[in-house]
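Okay, so here's the structure we're looking at.
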Amino acid sequence: MQVTFLGTSSGVPTRARNVSAVALRLPQRSEMWLFDCGEGTQHQFLRSDLRLSQLRRVFITHMHGDHVFGLPGLLASLGLAGSSSAGVDLYGPDPLESYLNGVLRTSSTRIGYPLAVHRVRDAAEQGTLLFEDDDFTVRCTLLTHRVPAYAYRIEQKPLAGRFDIEKARELNIPPGPVYAQLKRGETVTLEDGRSIDGTSLCGEERPGVSVVYCTDTVFCEAAIELARGADLLIHESTFAHGEAEMAFQKQHSTSTMAAQTAAEAGVGQLVLTHLSPRYVLGNPVTPQDLLNEAKAIFPNTLLAKDFLSIDVKPRCNSS
């Protein structure tokens, strides 16, 4: 998995940062998922090496404009490009469907591909899976914000052990489609009548990786529980520690709240995003100060910037 930040500002865009959007690339299946879609997100796609045609799922955290105003235009552009024959699944708060229907109806916009909207509230309240397929699961939880806001956890299922090609050759197993079956751990009967157990040719199962996307929220236990043991936590950091009172009033997080969440959850790496536009040139407090505050609590912390990409592994690497 690879995460690419398309927008890292809170509230409004700045010259350097667009509003919230994070793309999750799944290269093994030529697929991409999007988390939040602030205004201008489709422009950010054009400035990146991401392929919008691979978009398959969109997860919206909450209905504030800096997280959702870009969605109608992006979906309309997908339709005009004719590149979404497989359809798009949307996940989000209860009002998401009525919001989209209203915008599309009043603008006479026709979506010419399958579009399904899934409400996430029940999965969050009941602690059940929001999504599952052969490779991934997605869970969500309700955060503490002024409107219903949800964090998402994407978990890759365990991966099959590495296939021992040399051993397969020693057993005179002919290469071809049968190798794919054996790699999946299946038992295969060869043309010569031998029955080969694929698990005997594979190493130990490898753990998958996990990503948690957590915004908007003030410090809360629900975020800690959802993020527990994750490889990568993407957490909002709207304010510096010195503005904690404002953070509580507006129900946003400070840099130190994000770091405390990461530390208590025992995650592998923390990335700060959703920075207030006040931290620009001329302000005595800078984004670097927020990063330093967080690293004092949780050293393995990065500061997101637009178009930063991170390969999600048990030990994350950024580029």
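In case you wondered, yes, glycine gets a Cβ from its N, Cα and C as well.
Note that the coordinates shown come from a computational prediction; the quantities given were computed from them, not determined experimentally.
The following features are taken from Swiss-Prot:
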BINDING   His62, His64, His145, Asp216  Zn(2+) 1 binding site
BINDING   Asp66, His67, Asp216, His274  Zn(2+) 2 binding site
ACT_SITE  Asp66  active site, proton acceptor
In whole Å, how far does the CA atom of Asp66 (Zn(2+) 2 binding site) lie from that of Asp216 (Zn(2+) 1 binding site)?
11
Per DSSP, to which secondary structure element type does His67 (Zn(2+) 2 binding site) belong, with helix, strand and coil as the options?
helix
Most Cβ neighbours within 10 Å, among the binding-site residues His62, His64, His145, His274, goes to His274
Excluding His62, His64, His145, Asp216, please set out which residues of the same chain place their CB within 8 Å of the center of the CB atoms of the Zn(2+) 1 site, keeping sequence order.
Thr61, Met63, His67, Leu143, Arg146, Val147, Ala149, Thr215, Thr217, Gln251
Near the Cβ of His67 (Zn(2+) 2 binding site), how many other Cβ atoms are there if near means within 10 Å?
27
An 8 Å radius from the center of the Asp66, His67, Asp216, His274 Cβ atoms defines the neighbourhood of the Zn(2+) 2 site; name the other residues of that chain inside it, in order.
Ser10, Gly11, Val19, Ser20, Asp36, Gly38, Thr61, His62, His64, Thr215, Glu236
State which of the following binding-site residues has the fewest other Cβ atoms within 10 Å around its Cβ: Asp66, Asp216.
Asp66
Take the C-alpha atoms of His145 (Zn(2+) 1 binding site) and His274 (Zn(2+) 2 binding site) and report the distance between them in angstrom, rounded.
14
If I take the alpha carbons of His67 (Zn(2+) 2 binding site) and Asp216 (Zn(2+) 1 binding site), what is the distance between them in whole Å?
10
